[in-house]
Amino acid sequence: MDAIILQILNGLDKGSAYALIALGLTLIFGTLGVVNFAHGALFMVGAFCAVTLSRLLSLSHQVVDETRTDFLGKPLKVDVPYVMDIFGETTGAAIIDWAVPLAILFSIPVMIALGVIMERGLIKHFYKRPHADQILVTFGLAIVLQEIIKQVYGANPIPTPAPDVFKGSLDFGVLMGFDPNAIIYPYWRLVYFGFAAIIIGAVFAFLQFTTFGMVVRAGMADRETVGLLGINIDKRFTIMFGLAAAVAGLAGVMYAPINSPNYHMGMDFLVLSFVVVVVGGMGSLPGAVLAGFLLGILESFASMNEIKAILPGIDQIIIYLVAIIILLTRPRGLLGRKGVMED
Amino acid sequence: MGILEVKDVGKRFGGLQALSDVNLSVQENTVHAIIGPNGAGKSTLLNCLVGKLIPDTGSVMFDGQSVLGRKPYEINQMGISRVFQTPEIFGDLTVMENMMIPLFARRDGVFRLHAIQSVSAETDLITRAEAMLEDVNMLDKRHMHSASMSRGDKRRLEMAMCLVQEPRLLLLDEPTAGMARADTNNTIDLLKEIKATRPITMAIIEHDMHVVFSLADRITVLAQGTPLVEDTPENIKGHPKVREAYLGEHA
Amino acid sequence: MFGLGKRDFTLFLLVAVLAIFAPFILNPFPTDSAMAQFNAGYPDLMQRFVIFGILAIGFNILFGLTGYLSFGHAAFLGVGSYSAVWMFKLLSMNVIPAILLSMIVSGLFAVVIGYVSLRRSGIYFSILTLAFAQMSYNLAYSVLTPITNGETGLQITLDDPRLLGVSATADGGIPVTNLFGLEMRAYETVTMGPWEFQFSVGYYVAAIIMLASFYLSIRIFRSPFGMMLRAIKSNQNRLYYTGLNAKPYTLAAFVISGMYAGLAGGLLACMDPLAGAERMQWTASGEVVLMTILGGAGTLIGPVLGAGFIKYFENIFSKINDQVVHSWVSFLPDGIEDFVVGIIHPFVGKGWHLTLGLMFMAIVIFLPGGLVEGGQRIARRLRKRDGTKTETSTTPAE
């Protein structure tokens, strides 16, 4: 029992990331009808927003500390971050420590701007082109984005720690009446799951309760009719693209402490997120979220030793296997609407 | 016994009874028109004949064999060709290539891997394709890219593609829908010519009375998913039930 | 001639001449000159030109004709390489059985993957093939390690049985791949004045196989089968109602194209008997797509051009480092020189992939028909300027 709960918890953080990326992919596909192969790159750019902010905050200048000496006996030179000069030592240190959560604020404008530029500058011209062309051009864009990041930040993963408060783990087992240490769960993963839940909730609320969201939903259902009503749907779709980019970016920012960002993380997640979208149902937002968590948890179950003993290698392929079975038996996906892209 | 026998066919979509108790018999070498107001079930009936839909009840026999449960390409191989409401042709191919494909289908069946010899070596089929194009006055357009042709030419090409297969039954789904008067008349002339020059059985689903009365030997009137009456054009014109159900709208 | 039309025969002849004289054509600069770095006439690089040419020719049969965009073709490349290396380990170092096995195994793979993936079309097909390729890649790294040797990659060793050959050569070394004794790695250097040309056995074996593949692809393009494939891309609905089943046709195209990829993978192993899982990664699949699009999908010569173009620039661009750029612009004043080098720097050397990505986007945006379409546009413009109103015949597949 405790092992099962542990696996479910383990699946949640990856599942959250899948769900957030798949949500954005679905928004873009549902509104603009575009298959965006560059969406994983947006996730990656988000993660590097966290890296960037943490580097910016750590920018320092050298100060000679007369009270201490280095190993040669000379006065020690210490690096003092500018943030500490401005905010004082304790506040400064706290700000640096909290770089990743702060990067949320930093990344939102960056990601929205990136999304809007992408849509206006490139994607817009591909609405009427075949899906294959859309796949190809966004694939090219993904290569470009990841190469730029690689040139700026290098090819190695960059560890980006979470704030100190979240470094420990929560002993879930004790809470639920199991033995201590049976279910250990790092705090940050808990934070990530909560964060993902909030973002998902916010997106759904936004679509459900605002006029803007209503128009977008109507546009997803029937673009032409909404266009006939004299509503400028294009402008809203541009904003929608920016929003989807921001969601992917935020997913990336908060993922940085879980997995040190590297330039190809976007591609790794993209392939899986596409599978998630397909399983959930192309164009279905709840489907994307459901499938994201479902596949995340399934993947974590498949990596249990007991299961790997019976089916070696299953953890490596479980997601693809599920996708293949779903596509062949229920092409519209778990929650997809009938007739949407079924062939 | 007709070449096409439709017996007691019924089809339901959720709460809507689209077809019920449809009985229809198309005699060989006649033009049989199926008319009816919008929503009468004409298209549903046609889709049941070509294998796109499977009726819930009843049987559809072509030349003594059931077509039900067969795939569209199998039904075509039995000898039924279909003309669509908007011309369906291979837009990326030339007119001549469009003609070759149905010929290959007729000669080689649903699948045959002819991957080595050249299409240009198939002189027999080329001759037949050219003869057919000549018949529909399109021989001079044989090297044209078919997507760039006018709608009327596309319609002609589609008919030629069906006829070159020498089908035993040609199904036409509103062949003049959305056409200008001149194009409609051209199509009528073409169909009349086809009817006069070769033995062929046609089933036409049509909205335009002008087309129906200039071509049909027999007419079935469909209303609310069930045949109202079946008779010759002359009798149909004067039939009170038909006037009420259908022609009344146009009066 | 050879069952080809006049224009096709000319095209084939052109490719054949280019392939035969490649060691000259690709080495236009004297060995000691500053421009020698732009030479591409090394056996190793020329082999890659033709092998990736085979891969792209095969991919084009599927994508160019039917429009089904496979994102998993690298899986067949990898399978081909593994099969060939196993043949070297078990049977002999002769390349013929290795190539045959790589084609058979990848063909069987393609039957399975194609049968499942072709149940769907459009982007679903792309995602299904991608999923299969990623699955193969992941498996090659994990449970299939006994067959693939995991991260290290599969290599030939002195302990291999090699039933029809020898486990080790007389002097105790690992035997090399050969064609009935003719070693793949053997080459002859011919010096003509300041020029040096290298003629390698491996290259010519690969080139002959490429020409055969190219010839076969022309035949397929002009055959009833090729026409059916184009009809599938154009209008599947019409095809169904014309009495033809699209599925076996697309599956046949998928399998043929998978076997081409397997052949390419086998040849890679023949030139260098080593197979690793990274050959199956989806970035590798993306590269094939890129070559085909860049050259011109659906055209005969396009994929060959695209493969050559990308492999050439990959090699040349990645060799250009900052010193080379400095030497080019050394005539500029210092400050400006550094500035120019700074601008060029991200796009060359290790930055080659950035250039590649940008080029890819540019092609899809501005020239969806690839280099072939670009060439046709230029030719048309020139013809117009000449004032001669020669009619441009638009054969869809050239």
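Keep in mind that glycine also has a Cβ here, set from the backbone N, Cα and C atoms.
Just so you know, TrEMBL annotations are computer predictions that nobody has curated.
According to TrEMBL, the feature transmembrane segment maps to A:16-35 (among others).
With a cut-off of 8 Å between Cβ atoms, the residues of this chain six or more beyond the transmembrane segment (A:42-64) that come close are 17, 21, 24, 75-83, 95-96, 99-100, 102-103, 106-107, 110-111, 114-115, 145-146, 149, 153, 158, 160, 245, 248-256, 261, 263-266, 269-270. As annotated by TrEMBL, transmembrane segment applies to A:42-64 (among others).
Here TrEMBL flags A:98-123 (among others) as transmembrane segment.
The transmembrane segment feature in TrEMBL is assigned to A:190-216 (among others).
For the transmembrane segment (A:237-258), the residues of the chain that approach it from at least six positions outside its boundaries are 13, 16-17, 20-21, 23-25, 27-28, 31-32, 39-40, 42-51, 100, 103-104, 107-108, 110-116, 118-120, 123-124, 160-162, 166, 188-189, 191-192, 195-196, 199, 203, 206, 212, 216, 219, judged by C-beta separation under 8 angstroms. The transmembrane segment feature in TrEMBL is assigned to A:237-258 (among others).
If you look up TrEMBL, you'll see A:270-297 (among others) marked as transmembrane segment.
The annotation transmembrane segment is assigned in TrEMBL to A:309-328 (among others). Residues 272, 275-276, 278-279, 295, 298-299, 302-303, 334 of the same chain, all 6+ positions outside the transmembrane segment (A:309-328), place their C-beta atoms under 8 angstroms from a C-beta of that stretch.
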Stretch among A:16-35, A:98-123, A:270-297 sharing the most Cβ pairs under 8 Å with the transmembrane segment (A:190-216): A:16-35
Cβ-Cβ under 8 Å with the transmembrane segment (A:16-35): same-chain residues at least 6 beyond its ends: 42-43, 119, 123, 126-127, 131, 134-135, 138, 192-193, 195-197, 199-200, 203, 216, 219-220, 223, 237, 240-241, 243-245, 247-248, 250-251, 255, 269-270, 272-274, 276-277, 280, 282-285, 287-289, 291-293, 295-296
